[in-house]
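Asks: Feature annotation from TrEMBL assigns transmembrane segment to A:41-73, A:79-100, A:109-129, A:135-153, A:198-218, A:258-282, A:289-307.
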Amino acid sequence: MLDGILAKAGLLMELANNSQVAQAVTQASGTPGMPWWAWPLILLVTCFIMGIVAVMAGVGGGVLFVPIVGSFFPFHLDFVRGAGLIVALAGALAAGPGLLKANLANLRLALPVALIASTFSIVGAFIGLALPADILQICLGITISLIAILFIFSKNSEFPNVGQPDTLSRSLNITGTYYEPSAGRPVKWTVWRTPQGFLLFVAIGMVAGMFGLGAGWANVPVLNLLMGAPLKIAVGSSKFLLSITDTSAAWVYLNQGAVLPIIAVPSVLGIMLGSLVGVKLLAGAKPKIVRNMVIVMLLFAGIRSLLKGLGY
Amino acid sequence: MSSQVRAENVRQQTAPERQKAVAAQIEVPPEQIKYANLLLYCSWAGIGILMVTFLLYMSGIMGSYIPPAEISQYWGMSVHDYLVATGAPHGWGWLGMLGNSDYLNLIGIALLATLTVVGYVALLLPAYLRKKDIPYATIVMLEITVLTLAASGILKVGAH
């Protein structure tokens, strides 16, 4: 008799499980009426435009990708963040060689910073994958809105005045030279406030891993305004170090099964092609207008993400 | 044309060459150049592989674990629910699924995510050890450890 009851209970449990899965599948089945192939196609076109805009506005594609795709596409935020990291990684790897050869990305500056950021991006990735989607949407919305505000108020300094390099900077010999065409001469640089800068990269790494964002928007102000690296070195080293920071978080997402090729591949290809076109259009662009456009886009996507997380 | 104008023209013509010469004097460490070349060739190879494998997946020429036409049923789920609903592998389990075109796409992605470790192990670590640059050799070794740990799949996350 006991065997019969257990068998029936097992059957009921199985039915319940199956119906839960079936319900979840039905709920998650995208927008009714839209053919499945339309979404990757729209994603490719959106990312292509994003790639053009990102280059002209001087930002990484990753920071636009997650809030926009996460807010306006039917994909779960887990897969969007996984794809966002692959997008930021591919962009950084493609830009890295030119920057390294021109000595605009400097290994002595990037390697220590990358070690800190990549370690904490793993922690961020695990936190992001463990949090419920609505909480994550709220956090993402707040973060993206803050990034937009940072863009509005941040002022870069082409050649910051650097005081006496600190002990850490001296012991790691963080210094270099690059050719400045506007001055027609090599510029020698060094950095200071290294411990404070390194500490901030803990937070930057966490945010990058948690939300799948490329973190150039945060790297550049810290390297340039706080640590005193010339703007070109800050931008170049920031872009390059994303190739290291995002690698560690990308592995976490890949191992957790959070990288769907149908989302990640059109995104990477779209952004890369868009970046190539953006570089060609750069000469005739009005950077201030494009930058303002990006700020509006980020604010819009940030507020939408916040509202989505709050259930509106 | 006066000699002064001619001299100015000559100066203008030679200016880019002078700039190039000055730029060439900037000393870029050899390991940095080698690392740049590794990234250049391998990252574009990775992107090329992504294009080809994605075409194989979308065209249906090669079979897939989840056909593209069905993936829309799952892409709105959290990764945990997706793994439960599809029985898809995680960790390094995808390596055993390379006969399916959707998992074949992960080769290009994994290549992009492996380049940094390869560059660190093959180029930067030997270069810093040769120079007896202990702080940077240590940083490079720590980074290799961090990236290997992330790639290993040993670290796990709680479901939500």
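Even glycines carry a Cβ here, placed using N, Cα and C.
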Asks: Please check if the transmembrane segment (A:109-129) comes into contact with the transmembrane segment (A:41-73), where contact means 3 or more CB pairs closer than 8 Å and the residues in each pair are separated by 6 or more positions.
Replies: no
Asks: May I ask which of the stretches A:135-153, A:198-218, A:258-282 has the most CB pairs under 8 A with the transmembrane segment (A:79-100)?
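Replies: Top-ranked stretch among A:135-153, A:198-218, A:258-282: A:258-282.
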Asks: Contact between the transmembrane segment (A:198-218) and the transmembrane segment (A:289-307) is defined here as three or more C-beta pairs under 8 Å separated by at least 6 residues; is that satisfied?
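Replies: No, since the transmembrane segment (A:289-307) and the transmembrane segment (A:198-218) share fewer than 3 Cβ pairs closer than 8 Å, they do not count as touching.
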